[in-house]
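Asker: Quick one: the structure is below, questions incoming.
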Amino acid sequence: MSNSVRPAVKLTGIRKNFGLLEVLHGVSLTANQGEVISILGSSGSGKSTLLRCVNMLEVPNSGSVSIMGEEIALNHRSGHPSRPKYPKQVNRLRERAAMVFQSFHLWSHLTILQNVMEAPLHVQRRDRKECHAEAEALLERVGIASKRNAFPSELSGGQQQRAAIARALAMRPEVLLFDEPTSALDPELVGEVLRVMRNLAAEGRTMLIVTHEMDFARDVSSRSVFLHQGVIAEEGLSSEMFANPRTERFRQFLRRDGAASH
């Protein structure tokens, strides 16, 4: 299968338990290359768990995960936690599907420039000069080049999240995963992060985004997926879903979030 038609991410029959509680009930989702998919839902719907299953931060109890056509080999054993068969495969595929977290996860003892350089230099073992030049360019791109020598504690939340996006991009991933990237930000800082994400979407990046930003989901995402109680209750083109919700569950969700179509 050629790269032009190979899905970037394919989740099939994903089930995930935490103890006796099953939070995902056989969810299947395919993201094609260049698609921006927003994953929507109320708290506890399973949306962040689903995203974390993509790069094995949560290991599904059953089902399969493929990234760029390569399936992650898993050991599913009845009565036992599932685990990847080959940790090296997971580490390699995490470079292809980079995660941006709600809480930034920057190294507090490193400068912003060092944070962006860290993984390319020490995980991918790329040339230091190359890593430095690319990190500088990425910080310029997300609008915080002047903060290159600052430490995370010296930055606003929005600046820290933009640094986290630059750090993810430094791995040269084929897929970007965003887990509620604006939820921890003060309202006045949300826009600067969403602008960076809009620019990435305009470049044709493959992005899976768990978000409560309904305007962003409607205007930027090519498709949206609405999770309710661990299953996909509605999915489709974002423009169509927001203009004409097919299910009462999604209509209620939009009304509650103040995101009625316009």
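Cβ atoms here come from the backbone N, Cα and C positions, even for glycine.
Straight out of Swiss-Prot:
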type    : residues                                               : note
DOMAIN  : 9-254                                                  : domain 'ABC transporter'
BINDING : Gly41, Ser42, Ser43, Gly44, Ser45, Gly46, Lys47, Ser48 : ATP binding site
Asker: Which residues does Gly44 (ATP binding site) neighbour through Cβ under 8 Å, counting only same-chain ones at least six apart?
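Answerer: Same-chain residues close to Gly44 (ATP binding site) (Cβ under 8 Å, separated by 6 or more) are Val23.
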Asker: Give the mean pLDDT for the domain 'ABC transporter' (9-254) on the 0 to 100 scale.
Answerer: 95
Asker: For Lys47 (ATP binding site), what is the secondary structure by DSSP, using just helix, strand and coil?
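Answerer: Once the DSSP labels are grouped into three classes, Lys47 (ATP binding site) ends up as helix.
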Asker: Neighbourhood of the ATP site (Gly41, Ser42, Ser43, Gly44, Ser45, Gly46, Lys47, Ser48): other residues with Cβ within 8 Å of the Cβ centroid, in order?
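Answerer: In sequence order, the nearby non-listed residues are Thr49, Leu227.
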